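This report concerns only the one structure given below.
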Amino acid sequence: NSSSITHFLLLAFADTRELQLLHFWLFLGIYLAAILGNGLIITAIACDHHLHTPVYFFLLNLSVLDLGSISTTLPKAMANSLYDTKVISYSGCAAQVLFFVFCATAEFYLLTVMAYDRYVAICKPLHYGTLLGSRACVHMAAAAWGSGFLIAVLHTANTFSLPLCQDNALDQFFCEIPHILKLSCSDSDYIREVGLLVLSCLLAFGCFVLIVVSYVQIFRVVLRIPSEQGRHKAFSTCLPHLAVVSLFVTTGIFAHLKPPSVSSQFLDLVVSFLYSVVPPAVNPLIYSMRNQDLKRAL
């Protein structure tokens, strides 16, 4: 009975106090770097009117979602390492699932929109103003946020309506849906949530296919650029974007759909870290490192 569970126990990264403090400082460094990078991007785009264009509008939205995503998972993990505890309340766990699924889902849909934006800018430049006007950009961003929120509400409501009777220990550093499902003692409800996870992963894979197709078209156009320097610049900009998106979707789908037979504590930790912490931390570098306009604004 779920009403009998008042809290969950998250996985501790280490047993010794020294290693717990080491993890705290490591996570604090990653978190501060993510806040600084995304905060600078948000501030630069908001304050510089030269950056009030579709590509930077989407980048601003991405940075806001990155901040929300990493702020949902890392602070609690840091607090647990610092205070040598594993406890997260039942309502806190539900809130963590809701906000993380919302931010991660909306972010991936937004990355799909950003790939489309780059495709139109490079492959159909004469139609850019028509296809990506201010109203169209707002509608696409709103659709990404709205879809993410709807999916997050469905997953959270479905997951926390399950009767949990196995235990209250989660083998993960944050409340991840597959690990909560392991505590379920209702096969029918479990299958319903697994079905919803499969549907969400299929939607994510469909978006990933659209992203790959967009980049293939971009690369076809880029290869026709006569200047070798121009080709190098385009590839060095696009390939890191595609690498981070690929890491995000492959590790996320693997974490939620992997069979129990290949599950191990270390593997689960690494995979979850790769899709929940790495993208929000490295996105500011990936999207601003070779962007001269953003550098000048900063």
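Cβ coordinates are placed from backbone N, Cα and C, and glycine is handled just like the others.
Annotations in TrEMBL come from automatic prediction, not curation.
Per TrEMBL, the features are as follows:
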{"type": "DOMAIN", "residues": "37-287", "note": "domain 'G-protein coupled receptors family 1 profile'"}
{"type": "TRANSMEM", "residues": "24-47", "note": "transmembrane segment"}
{"type": "TRANSMEM", "residues": "54-74", "note": "transmembrane segment"}
{"type": "TRANSMEM", "residues": "94-116", "note": "transmembrane segment"}
{"type": "TRANSMEM", "residues": "136-154", "note": "transmembrane segment"}
{"type": "TRANSMEM", "residues": "196-222", "note": "transmembrane segment"}
{"type": "TRANSMEM", "residues": "234-257", "note": "transmembrane segment"}
{"type": "TRANSMEM", "residues": "269-287", "note": "transmembrane segment"}
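Of the candidate ranges 54-74, 94-116, 136-154, 234-257, 269-287, 234-257 has the most C-beta pairs within less than 8 angstroms of the transmembrane segment (196-222).
Sequence-distant neighbours of the transmembrane segment (24-47) (same chain, 6+ residues past either end, Cβ-Cβ under 8 Å): 56-57, 59-60, 63-64, 66-67, 70-71, 74-75, 77-78, 81-82, 277, 280-281, 283-285, 287-288, 294, 297-298. In terms of C-beta pairs under 8 Å, the stretch of 94-116, 136-154, 234-257, 269-287 lying closest in packing to the transmembrane segment (54-74) is 94-116.
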